[in-house]
Amino acid sequence: MPRKKSAAKKAREALVQKKVINSNVPTDKKSIDQLQENVTSKSHLLEESSSEDEEINSFQINEEYAKRFEHNKKREELQKLEAKYGEQMANGVDGEGSDESSSEEEEDSDGELVTPEVDAAILRMIVKIRNKDPDLYDSQQKYFDEVEKDVQGSLKSKDGFRSVTLKDYHRQKLLSGEILDAEEDEPMPNDANPTHVEEQERLRKETIAAFHDVNGNKDAVSNESDEDGDFLVKKEKTKKQLEEEEHGYERFLLESAQSKEARKVLEDLSSSYVKQRPSVLVNTEDDENGIKPSDEDFLLKYMMNRGWRTSNTKQPSYEEIIDEVDAENRFDEDAEEFENKFNFRFEEEAGSQIVSHPRNVADSLRRKDDSRKRARDRKKERLEEASQKRLEEVNRLKNLKRKELEEKLNQVIEIAGSKNIDVSKLDLDEDFDPEKWESKMSEIFNENYYEEDSAKKPEFGDDIDIDDIAQVDNGSEDLGSIENKTVEDTGNREKSKKSLRKDIREKKRKIDEYVEEKYGVPEAVIVKNSKFRYQQVAPETFGLDILDILNASDADLNNYVGLKKMTPYRTPEEIARDKKKYGKKKRLREWKKQVFGK
């Protein structure tokens, strides 16, 4: 398969052909053939040259030069970093470590770095200022350079001192073997009970110690009391020790002053020398400025005794300790509250609570829309009016029926001629049935009716029988008997009135019962379109107790008493019959034995 020409070769061939065509060459066949041979030979030369170019383009990496270049690059980068961050990066100390070391440095709030030399230099400068020394006006004069160098040297020496921790101390003791030797020297503890002699010796020592405690002499048992554990007792300082501490720094300055000049200045300014001779700081301008010697002594005492330092000799009271603890707790609470407010400053207040609003807002301008409520009220009023109207119509119907029935019954009683007729058996509005009518008539007009009719007293006319009157006038009865008869007649009349009223009430009651039964309207018809009302049903267990009902299954209960026996529409006679039938104790015992096995 022939090799395809590249784009560069095609471009070169096209360029050569273009030059050949543009040149003044002959157009005969021989010359053209020669020209083609030249072109092919040149194309072969171009192919050879391109292959040589490809060999030249394939290069190799010089490893020695690459190593030297990388080494120089690293040195250049190292120099840049050292110039930017200093020598700390070269020594392996980064900026964070320096920050931590600087943050760990405590602030010199008590002036611990103020050495005696520094105090001497300060006091020397005060003397020169008060005396207006001309050297102060020399700008090249430096007073604190040497002192600062000494302080820096002392700081470096302190930094160079390596603190020994408890862990290092124990490691050193273990390596030296001192702890092992001490353990070997210690006697082995006696776990057994003490002997009688040891017990007596211990009791004797306790008695002696108690005797010395009573007499106030505790020196004899000081060693034993120390062994009891009360050896960490704070030592109370005497008045002399407090005075020595107060003036101790003054003596410390005098003892620790290294240069003779500093010692001389401190001796001159010492409070002990101030009492013996006039002060060195005396100036004629003090009297003019109102400066008193007492003020000068106060200044010297303040400087010499380090008055700016707080005294720790005073023991805080219980109230002060409690107040300090409370103050710390309040500070922590305030800090926590501030932090919470700051962290949640963009959140809404009470965001976790659901905001509720009242249904009836007093100050709201919203128009009340209670049209549906008013419609319900109107409907309720219409129903109540209709129910009241229906009830009035029923009552009017009852009254009319009562009057009509009374007229009919009065007519029947008047025709029958007897007041003891049972009118409750009569139904004057029902359809006429000859057989029922005959049976009711036979019940009403029975033997009692005819016996009452025969026993009825005869009625007399308006004519008066003279014979009867003559017999009364001519009789032998006295006035007492006549009065007794009059009283009896009066009592009979009262009884007849009572019986008459009783008959009227009984008649009215029977008529009302009859009208209510025949023409009475039930309450459900009167109160129409009302809500459903449950019917009150008397509870009945048929001899079962609560545990039997709860423990038994529905099938067992239905087997004992069916649900049909619990319907509310059953008549009282049916309820009484079922209660008598299903409430028998024998049947209940058999059912319990069958269900519960007892």
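Just so you know, the numbers here start at 1 and follow the chain as drawn.
Note: Cβ is positioned from N, Cα and C throughout, glycine not excepted.
Scan Swiss-Prot for phosphoserine across Ser157, Ser222, Ser481 and the hit is Ser222. The feature region 'Disordered', as given by Swiss-Prot for the ranges 1-36, 253-288, 397-432, sits at 1-36. In Swiss-Prot, the region 'Disordered' annotation falls on 177-200 of the listed ranges 57-80, 177-200, 561-584. In summary, of the candidate residues Ser49, Ser364, Ser476, the record from Swiss-Prot lists phosphoserine for Ser476, whereas the others have no such entry there. Ser225 is the residue among Ser51, Ser109, Ser154, Ser225 that Swiss-Prot labels phosphoserine. Helix, strand and coil counts under DSSP for the region 'Disordered' (353-384) come to 14 helix, 0 strand, 18 coil.
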